[in-house]
Structures are given as C-alpha cells and as structure tokens.
Amino acid sequence: MGVVRVQHETKMENQSWLKKLARRLGPGHVVNLCFIVVLLFSTLLTWREVVVLEDAYISSQRNHLENVANALDKHLQYNVDKLIFLRNGMREALVAPLDFTSLRNAVTEFEQHRDEHAWQIELNRRRTLPVNGVSDALVSEGNFLSRENESLDNEITAALEVGYLLRLAHNSSSMVEQAMYVSRAGFYVSTQPTLFTRNVPTRYYGYVTQPWFIGHSQRENRHRAVRWFTSQPEHASNTEPQVTVSVPVDSNNYWYGVLGMSIPVRTMQQFLRNAIDKNLDGEYQLYDSKLRFLTSSNPDHPTGNIFDPRELALLAQAMEHDTRGGIRMDSRYVSWERLDHFDGVLARVHTLSEGVRGDFGSISIALTLLWALFTTMLLLSWYVIRRMVSNMYVLQSSLQWQAWHDTLTRLYNRGALFEKARPLAKLCQTHQHPFSVIQVDLDHFKAINDRFGHQAGDRVLSHAAGLISSSLRAQDVAGRVGGEEFCVILPGANLTQAAEVAERIRLKLNEKEMLIAKSTTIRISASLGVSSSEETGDYDFEQLQSLADRRLYLAKQAGRNRVFASDNA
C-alpha cells in the first residue's frame, strides 16, 4: 500500500563498531585502518571534485556557446519572422488584392508585355520595387514553371504589394543582403535591382534553378515550412558563399512561388566576431545541416580547427540524439548546439593549452596541491581527528534520538508524531485510503501519582506505552502527546478497524495488573476516542485528533474504561 513502516521501539547500541574493532585488533591497528580509509575517501573526494570541476568546465563552455548561439538565433529569428510576415501579406494580397487604379494598370501592362522576351513593370521607384519577368514561351520551357493560373492577375498585384514591404524591410543594418519573391509564373521581385532588362531572363533562371527554389516543391517540402540552403562558391567563380532562408507561398493548395532572403557568410562571420567575449579563448565555427564548414570567428586561421572526416562522423553521431552537447577530440573539447532558426550547428573549439591558461586550469593545479597538503596533514593529525569524529557521532546520534522520542515511554514525542502524521495523511489522501486516529488517556492517573508517587506514575506510563505498541499493526505510529495521553495513527484503517485496535488496546491495559511497590499491584484502565477520515472526507490530522480527543472525553463522561468511535456511543 506504499505506507512507510515505522518502528516503535528504538535500540541503542552500547558500543560502536569502531570500539568493537579496537577491542579485537588494538588501537594501533584501528588507527592505521582508519587512516587508510580516510585517505581513500579523501582521494575519492578529490576525484569527485575533479569531476565536478570538469562538469563546471563543460557547463562554462556550453554557456559561452549558448550566449553566442542565442544572439545569432535572435537575429536569424528576426529575419525568419520578417519572411513569415511577408508570406502572410502575400497570401492576403492573393485573396483580396487592393483595388487601386495603379495596380489595375499594372495588370493591363503585364498583359501587353507578357509575350516579350523580358519585361519590367514599375509603379513608383521611390516606394516599391519593380516586377521583372520573362515571356510565356520561356515559362512553358520550365519544369516547375506555369502561367496556367486563374489568379495570375492577383499574383501580379500581390507581387507589387510585397515589393513595397520588401523595400521597407530591407535596410543596411540587416544581415540580409538580398530579399526576393520568385514566382513560378515567370517573374520576380528583388531588393537587388536589375539594371538592364536584357539581364532579366538570366537572373530569373538563376533563381528558379537554385535549391532554395526547387526545394519548395510540394514533393520536396510537404509541410510547407521554412527551409535553409547553403551555396558554396565554385572554383571558376567569385561568388561569395551565402545561406538562403526561403518559404513557399501557397494559396488554395496552389504553389505560387518562393519568398527568400540571402545572408552572406562574411556577414555571419562578422556577427560571430562581434558577439563573442574578446577575453575568452576558443574558436566558434558555423556549419550547415550537412556539417559543411561555413565560417569561423577566427579570421586569421579560418581552417585551423576544421575537423577531419572521422571527427565529423563522431559529431554527426552525437547530434543524432540531442540538440546540444560536447565531445572530446584529442586535446580539444568541442561543444556544439543546433540553432533554432537556422538549419545548422554552431560549434566552439577549446584546446588543451587554452584550458590550462584559463581559470579552470589554475583551479585544477590548486586542487592537486590541496590534496597533497591535506594528505600530509592527515598523516600528522589523524589520531586526534578520529577521536573527535567518534565522540561527535555518538553525541549526534543520542541528541537526534532524544529530539524525536519521549525518553520515558520510548515512543515518538508530540513534535515528531505530528511530523510523521502529516505526510502519512497526505499519502492516504492521494491513494484514497482511509486514515484514522486514536486518542488514549489513562484513567485516574493523577490519583496514582498522588498516592504512590511520581516514580510509580513513570512505571505506569512506561508499562502502558509497551502495551500500546504491542497492540498495533506494523504500519501504525504511536506517540506520547501529553502527560498521560497518547495518540495512535492508523494509515489505511477505516473507522471499524481503528475501533477494533482501540478495543484491543483497552483490553490489554485493563486485563493485566502491574507491581508498583512491594506487595502492591494496581490495574490501570484507559478511555479512548477514535476518528477516521471516511466520516467527513477530511484528512487534516489536527482535525482528526481534535475529533478523537472530543470522543475520548465523551468516554470519560460515560464512565471511563471504554472506546468511543462516534459522538453517540
């Protein structure tokens, strides 16, 4: 039933195991043995401190990494949020376009130029971005391209509207170098202007052949989520590596196009350098989802800590099971964390030499010296320390027992009983088990004290406590709560069962005479009150004790030496 078993009698050992061992082996052997044990435990403690220090070092590495990762994530999240905002605006514009004359004129202009090899529609260069497009013939040649869409006019006006938002969202302080909307219907809007109309087809097909566009087909991106892509420079090209975050634009289960933002790797490198604490060692490295190196916080040695294939395999294996962690690689410790708003990993590489020069290296050296000093002092002063510890242990055990028990009856005292009762009542309430309380008060105890003296009264209390303890179940708890008053806690017992236990206590107390003086015996009795949580559903121990106490006094008024389990009988 999950009820804690409580022992009602506590044995006091006369001698500790150290004294028994000393009697058998002699003080010298005991001292030597204790010295070995303490030395062993001091070594284990030092080892434990080393483990804690290592954990603190790992936590420090992770905290430094987390601070930089959070700062980078914050900026990336800002750009992702802008992208989602632009997509929502695009969807609204597709469903309910603005009824402006300039937008209607733009649709008319599109119909006039849609057959041209390249065309451009511009409303106001100072307020919005132009829409650049290619001919119907060129669109028909693309696998993913199509103008067979009833909402094509709405998409044209929506592109002009989102061009206004793109112009507002793009600024020089942003990490984003270019923001664009690329449509499957053969046109695009970009914050990077197309100076010559003849360059529109080349630029458009450069967009629609990129992975960040193709990867948003309904087959490749079924969840229509934000995705990140990395472009690496080719040997014959001066194109700077960059990452692109993009999201598909859909409406009524139709894929219109892709909204994207391109971030140069050099911008992310500059941000890493600004985000890290200049007083801290270690190098930060950014990798994409395929663990391809993107950039490092160390511009002087950009390839100094790049991992070999075996180390990359170890990292990939560790990243399969968690979003953050750390791993030791030879003399380096690598902590890593997946970014929330970028499909990649930020790693921090800390070498052994950097660790030794740091605070944790100094602490490790100091800890070793302290262990050596402690061992030397232990060798000189062990005998005195052993005696102090032994005496303090005996004193502590004695004080603890006295704090929880009544020394006369060897039962729990009032404070300890209340401490035991509350968790037992809560446990019974949790499992919907009954919880009962018995209050016991010895009859005419004051008369025994007055007639035979307090020494006889103490014998009566000790005798009664022993009989009460022997009448209880294993899980019951008994304590002395007053002069001649006892309380019994019965977890799991209903009112009927508690009344049976109370009757058993009453009979045991009353059926045996006890010798209190030479040729003088007396028979004692007690009045008992019983209460249970099943009566009112109340598991409050103090309330149940008060109810049992009231019934105890009803038993007193009814003639004593009886059990009252209700207010009527």
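Counting starts with 1 at the first residue shown.
Cβ atoms are placed via backbone N, Cα and C, with glycine included.
Copied over from Swiss-Prot, here are the features:
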type	residues	note
ACT_SITE	E484	active site, proton acceptor
BINDING	D441, E484	Mg(2+) binding site
BINDING	N449, H454, D458	substrate binding site
DOMAIN	433-568	domain 'GGDEF'
SITE	K446	site 'Transition state stabilizer'
TRANSMEM	25-45	transmembrane segment
TRANSMEM	365-385	transmembrane segment
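Close to D441 (Mg(2+) binding site), meaning Cα to Cα within 10 A, are none of the binding-site residues out of N449, H454, D458. For the transmembrane segment (365-385), the residues of the chain that approach it from at least six positions outside its boundaries are 31, 34-35, 38-39, 42-43, 46, 49-50, 53, judged by C-beta separation under 8 angstroms. In this structure the alpha carbons, written CA, of D458 (substrate binding site) and the residue listed as 'active site, proton acceptor' are 10 Å apart. Look at E484 (active site, proton acceptor): DSSP puts it in coil.
Local packing around the recorded positions K446, N449 was summarised as the count of other Cβ atoms within 10 Å of each Cβ; on this measure the leading residue is N449. Using a 10 Å Cβ-Cβ cutoff, E484 (active site, proton acceptor) registers 20 neighbours. Looking just at the domain 'GGDEF' (433-568), the mean pLDDT is 91.
Each of the binding-site residues D441, D458 was scored by the number of other CB atoms within 10 A of its CB, and the lowest score belongs to D458. Taking only the Cα positions, the spacing between E484 (active site, proton acceptor) and N449 (substrate binding site) is 11 angstrom. Within 10 Å of the C-beta of H454 (substrate binding site) there are 10 other C-beta atoms, taking all protein chains into account. DSSP assigns H454 (substrate binding site) to a helix in the three-state reduction.
A separation of roughly 9 Å, to the nearest angstrom, links the Cα atoms of K446 (site 'Transition state stabilizer') and H454 (substrate binding site).
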